[in-house]
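Student: Below are the structure tokens for one structure; questions will follow.
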Number of protein chains: 6
Amino acid sequence: MFKHEKHLLQEVKIDAPNPNYAAMLQEQLGGPQGELKAALQYLSQSFRINDHEIKDLFLDIAAEELAHMEMVATTVNMLNGHTPDANRATVGNVQAHVLSGLSPMLTNASGQLWTAAYVNCTGDLAADILSNIAAEQRAKVVYEYLHRQINDKGVRDTIDFLLNREEAHNSLFREAFNRIQDTGSQKDWGVTEDSKLYFNLSTPGKYFDLNNPKPTSFNNPNPQNDRPMN
Amino acid sequence: MFKHEKHLLQEVKIDAPNPNYAAMLQEQLGGPQGELKAALQYLSQSFRINDHEIKDLFLDIAAEELAHMEMVATTVNMLNGHTPDANRATVGNVQAHVLSGLSPMLTNASGQLWTAAYVNCTGDLAADILSNIAAEQRAKVVYEYLHRQINDKGVRDTIDFLLNREEAHNSLFREAFNRIQDTGSQKDWGVTEDSKLYFNLSTPGKYFDLNNPKPTSFNNPNPQNDRPMN
Amino acid sequence: MFKHEKHLLQEVKIDAPNPNYAAMLQEQLGGPQGELKAALQYLSQSFRINDHEIKDLFLDIAAEELAHMEMVATTVNMLNGHTPDANRATVGNVQAHVLSGLSPMLTNASGQLWTAAYVNCTGDLAADILSNIAAEQRAKVVYEYLHRQINDKGVRDTIDFLLNREEAHNSLFREAFNRIQDTGSQKDWGVTEDSKLYFNLSTPGKYFDLNNPKPTSFNNPNPQNDRPMN
Amino acid sequence: MFKHEKHLLQEVKIDAPNPNYAAMLQEQLGGPQGELKAALQYLSQSFRINDHEIKDLFLDIAAEELAHMEMVATTVNMLNGHTPDANRATVGNVQAHVLSGLSPMLTNASGQLWTAAYVNCTGDLAADILSNIAAEQRAKVVYEYLHRQINDKGVRDTIDFLLNREEAHNSLFREAFNRIQDTGSQKDWGVTEDSKLYFNLSTPGKYFDLNNPKPTSFNNPNPQNDRPMN
Amino acid sequence: MFKHEKHLLQEVKIDAPNPNYAAMLQEQLGGPQGELKAALQYLSQSFRINDHEIKDLFLDIAAEELAHMEMVATTVNMLNGHTPDANRATVGNVQAHVLSGLSPMLTNASGQLWTAAYVNCTGDLAADILSNIAAEQRAKVVYEYLHRQINDKGVRDTIDFLLNREEAHNSLFREAFNRIQDTGSQKDWGVTEDSKLYFNLSTPGKYFDLNNPKPTSFNNPNPQNDRPMN
Amino acid sequence: MFKHEKHLLQEVKIDAPNPNYAAMLQEQLGGPQGELKAALQYLSQSFRINDHEIKDLFLDIAAEELAHMEMVATTVNMLNGHTPDANRATVGNVQAHVLSGLSPMLTNASGQLWTAAYVNCTGDLAADILSNIAAEQRAKVVYEYLHRQINDKGVRDTIDFLLNREEAHNSLFREAFNRIQDTGSQKDWGVTEDSKLYFNLSTPGKYFDLNNPKPTSFNNPNPQNDRPMN
């Protein structure tokens, strides 16, 4: 079960309202690389995980992504200011001004409603962890784009925090992968002829070959973590 | 540009029509881990890639995924048989019987229409390649689920081929990652305090730690490919 | 921020796996009247609420709906059993068998992906509370439909608990409405001529009239609660 | 069946074309609180209603909402002016300029396509009427937001009319509720222990209690209407 | 404005309830070739039409499609029977049993929610009429599929009526096209070199050529109608 | 199968970056009348076509539409320039600046994600070809809107080429229609009373009649092509 505490995971501030940037920041609230997607992806995957250590990791991070979502939404809310004025909010979607009364919304920067099509869950631990690693990397990239388009000190600090947390999650998911790397969809990799061929279908050019395919394996940055710490 | 050849990448056969399984196989035609998604994701990403070797790889694989899509669709078409009869097609969506005249459709097994929300494209090579590795792993998992629920020899052979090709693509994307692993969103990894913390938000349990986060790095199965072969 | 505890809000049990009913129960996980919708609607609305008592109520209930979502998902997971077998899962969507490896999904009973289009948030407290009252009433109705289509004792107990909790939320939202009933969109009700007219546009028949329109006002079941208890 | 008359329910005028405001006003044509949603929600619900008085009310209002939709669309059409010029239409979606040739569209202000996910229909009269009361309240709120962001006298008059009509519908739906308040999902309210508990899951704070839950009951502004007038 | 009359455009009957077929018939209520789509497409297009004769035709047909929608929905409602029982409703979506209390819904046969993405409106009369001709032809095809999968005499009569009406609309739209065939997007057809080339991109095979492209022109079945009749 | 060649079907150029116009041009990449829709519609339809001449035509054009998609995407990519700056990209969606790193995306001009709801496929050749004729006409109209809103010489040349190619496809689809005009849904046209009636449901006005409905038949601009050329 979830319990809520009123204080945010980390305090958020803004220098001044900025409705245009509020619309842009919506991307990480209700967009495909945003916090809601991350939280619901890891939560969805967790329901069928048997490995209690990895299940705990997924739920630790899912809970944190919900907390990030609150931080982003609170920042959007402050940036939206106090007066609906779509005519001056020329960037991105104008839903805050005509629909939500300046409340943050479950949409991306252009007003596309959040959809569960963003969430990947296969029931295979290797595939799901790889999905999460990719999701965290994309989330970092979007925060980088948002960071460089705002000068507001408060907003930059919040983005900086969130960006670094996604990096931390990414590293943790890779450690989790190392623990289960010989299971499920990782088994019997590259044993057929078909799995070793390269089809050169775009011409000109052929710059890769595939002599000896192996299942995914990350270099392990934290060898001391190869064994659980409990 | 694309040119089309009438023959399939590999011939497909079925033992007998099977409308229920046709609906199930729709998953890899118009579902989130299906061939259309793969083709359009790699194609979308390719438009802004400067590295001509990696751009070529993405387009080689995108073209192949289009060819896979044809194989899946041709198989669905044969499995749908010759008579619309939704009353006997009790599994999954019935659109082939009431809408498409037994043509394959751009939907998943339950009739959800394909959406570009399945496609991830960030313009950052590291993030995009990680997205593709995860996508290929998920595609393999779905083919495994489909394989175990059909006895038709022809269909199994086709699924087997496709599953192994996804594995090959997966291995190739990892080689591509190795070439660009120090660029873009991979840089300056784990340098802040925030990127090294573990927030233990789901209790009880804490089984991971994060002492020394490093950017993603795959073990290299094909060291001879570290340098381009052209 | 949210913290997660591993134990459920209330333990869930099933008598036996039942993949068909699992698909049906998905309705309250990822459908328009389901737990995810409720949780995200109340959470979304909470971000801009100034009244700290009502904000607390919304967050109490949002957190509980997340806990309900876990209960529903855990039940779906158990009902899905242990073997993907779409051919025997003839009711509703088959995504658990071909896509998610029997994991619960963010879809309704027929496989429609959850969408933020289900969530209403206007920034006006009266409108938002009325939306929530209606949402709770609809959730109760769907649980009634699901209750009557299953004999499994464990599942019925869970549904019974959830149904009654929605009733409790409904009553609480009405108390909240009573506190703010003279504010926002409730003001200046029925003061123009146009707001008092009845247009009889479907013929034959006219069975209503509108002599004296008043703003919404609920009979108060808990008069002792008209003043906050803190 | 429906018959159409060329004249509008009420004439609409504009002072001058205003493509930016046209995009904003799209919200009430194709948005979640707009006229199309209202018309189709009440029409959808009406098909299974047995009570002929309430069925008539739903159809009277559904027909009027279609007439409102025409008024909004006609106004959008005039506001769009005569020359596609997306570069000067900086607010909201630009579809009128690149896709529809300045025709009104079934989208909201930001271009999100109308979806039946906005429509609620449960087959339970109490739940459906509560949904409609909430929908009318939200529609009023959106018209208020739109009203305050335009100075055009003609547009303001139209919005004023529509806003007041939603109020009238709201009052009528409450009268309808009073007639059926002891039926369907209203029965056996608050009889279990679970329906009387308050779970204080967001801390700090607890400002509500639930001693004596009762089914929804509105104060009746029009006692003379408690009996049908036919 | 629209006025509603309680009697249907043509009475509908069923021999017996048939929940499976009810789900299938949903296709023409809320599917891409269904009555709601037709009504809203012609209505949307009508708002900007200046030619008052063609505008009248579009609105005549739009109103009739709304009447068709009522007929389909009323039939679905009767076919749904009296008891929610998803376990026996093995074909198509089960939403009537778990969500709508056996009410007809705005979805297709597999539960996909109706979306305005089905509606085409370009503001160019020639393009819009061609869209409508194609839409009517597709609607006829879907009714043919539905007709051959049911033996119920009442349902077949209704489908037969609707199918023939779509044919009538189709013929009328072609007459309308003949009146405007030299306007808008029909002008200056085939005057450039590029508009006369054939690119043979799928091999083997080339069976068409393009010597003398002309704008679309239908053979006129009703020459006496070349001049308006008013 | 598809093979890809690196060079475009026709070279594209731009005079200068123009992020606002890039967003507008997205309409023909990921919008309802865009190149992706055309390619996937014709490809989807082709899978079940038996007539090898018409199948070849559909695949020739499908392959060309993929090539057009590349041309549009390459142009969007150049127009997006080199610096994400949503604050200066005031027209249409801002996803290129916050999500895709200036890559072209599978969305329309306002950010609505591409959906397979745009694709029509019925399995009836007459209906499908009429759908394609209408689709090509709409694509031409959208290119006309886009052409008149840009002065960039390079962009105008590309639009001009694409617009004329859609015209060529349109003419070819009509020739294909002439070959199959007595088959499938074209048979037994106008033989019932119901198919000859005109319902005058929008008043005032009645300007059409329907004395002698005939199946669709185009005037044949290329009589020498009535027989296949192979």
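Using the three backbone atoms N, Cα and C, a Cβ is placed for every residue, glycine included.
Feature list, courtesy of TrEMBL:
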type: BINDING; residues: B:Glu35, B:Glu65, B:His68, B:Glu136, B:His169; note: Mn(2+) binding site
type: BINDING; residues: B:Asp56, B:Asp60, B:Asn200, B:Ser202; note: Ca(2+) binding site
type: REGION; residues: B:210-230; note: region 'Disordered'
type: COMPBIAS; residues: B:213-230; note: compositional bias 'Polar residues'
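If you look at the structure here, what lies around each of the features I listed?
Tutor: Secondary structure at B:Glu35 (Mn(2+) binding site), taken from DSSP and collapsed to helix, strand or coil, is helix.
Around the Cβ of B:Asn200 (Ca(2+) binding site), the same chain contributes B:Lys206, each under 8 angstroms and 6 or more positions distant in sequence.
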Student: Sort the binding-site residues B:Glu65, B:Glu136, B:His169 by C-alpha distance from B:Ser202 (Ca(2+) binding site) and give me just the closest.
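Tutor: Sorting the binding-site residues by distance from B:Ser202 (Ca(2+) binding site), the top entry is B:Glu136.
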Student: Give me the CA-CA distance between B:Asp56 (Ca(2+) binding site) and B:His169 (Mn(2+) binding site), in Å, as a whole number.
Tutor: 13
Student: Cβ within less than 8 Å of a chain A Cβ is the test here; which of the binding-site residues B:Asp60, B:Glu65, B:Ser202 meet it?
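Tutor: The binding-site residues close to chain A are B:Asp60, B:Ser202.
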Student: If you count CB neighbours within 10 Å, which one among the binding-site residues B:Glu35, B:Glu65, B:Glu136 has the smallest count?
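Tutor: So among B:Glu35, B:Glu65, B:Glu136, the binding-site residues given, the one with the fewest Cβ atoms within 10 Å is B:Glu35.
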Student: Is it possible to get the count of other C-beta atoms within 10 angstroms of the C-beta of B:Ser202 (Ca(2+) binding site)?
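Tutor: Total other Cβ atoms inside 10 Å, all chains included: 24.
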Student: May I ask for the distance between B:His169 (Mn(2+) binding site) and B:Asp60 (Ca(2+) binding site), taken between their Cα atoms and rounded to an integer number of Å?
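Tutor: Counting only the Cα atoms, the answer is 10 Å.
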Student: Just the number: how many Å between the Cα atoms of B:Asp60 (Ca(2+) binding site) and B:Glu35 (Mn(2+) binding site)?
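Tutor: Distance (Cα to Cα, whole Å): 14 Å.
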Student: Secondary structure at B:Ser202 (Ca(2+) binding site) (DSSP, helix/strand/coil)?
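Tutor: SS state of B:Ser202 (Ca(2+) binding site) = strand.
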Student: Long-range neighbours only, meaning 6 or more apart in sequence with Cβ under 8 Å: which ones does B:His68 (Mn(2+) binding site) have?
Tutor: B:Leu9, B:Glu35, B:Ala38, B:Ala39, B:Leu162, B:Arg165
Student: Can you give me the residues near the recorded Mn(2+) site, meaning same chain, not B:Glu35, B:Glu65, B:His68, B:Glu136, B:His169 themselves, Cβ no more than 8 Å from the center of the site's Cβ atoms?
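Tutor: For the Mn(2+) site, the extra neighbours are B:Ala38, B:Ala39, B:Ile61, B:Glu64, B:Ala139, B:Leu162, B:Arg165, B:Glu166.
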Student: Tell me the Cβ neighbour count for B:Asp56 (Ca(2+) binding site), meaning other Cβ atoms within 10 Å of its Cβ, over all protein chains shown.
Tutor: 24
Student: With a CB cutoff of 8 A to chain C, go through the binding-site residues B:Glu35, B:Glu65, B:Ser202 and name the hits, or write none.
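Tutor: Among the binding-site residues B:Glu35, B:Glu65, B:Ser202, the ones whose Cβ sits under 8 Å from a Cβ of chain C are B:Ser202.
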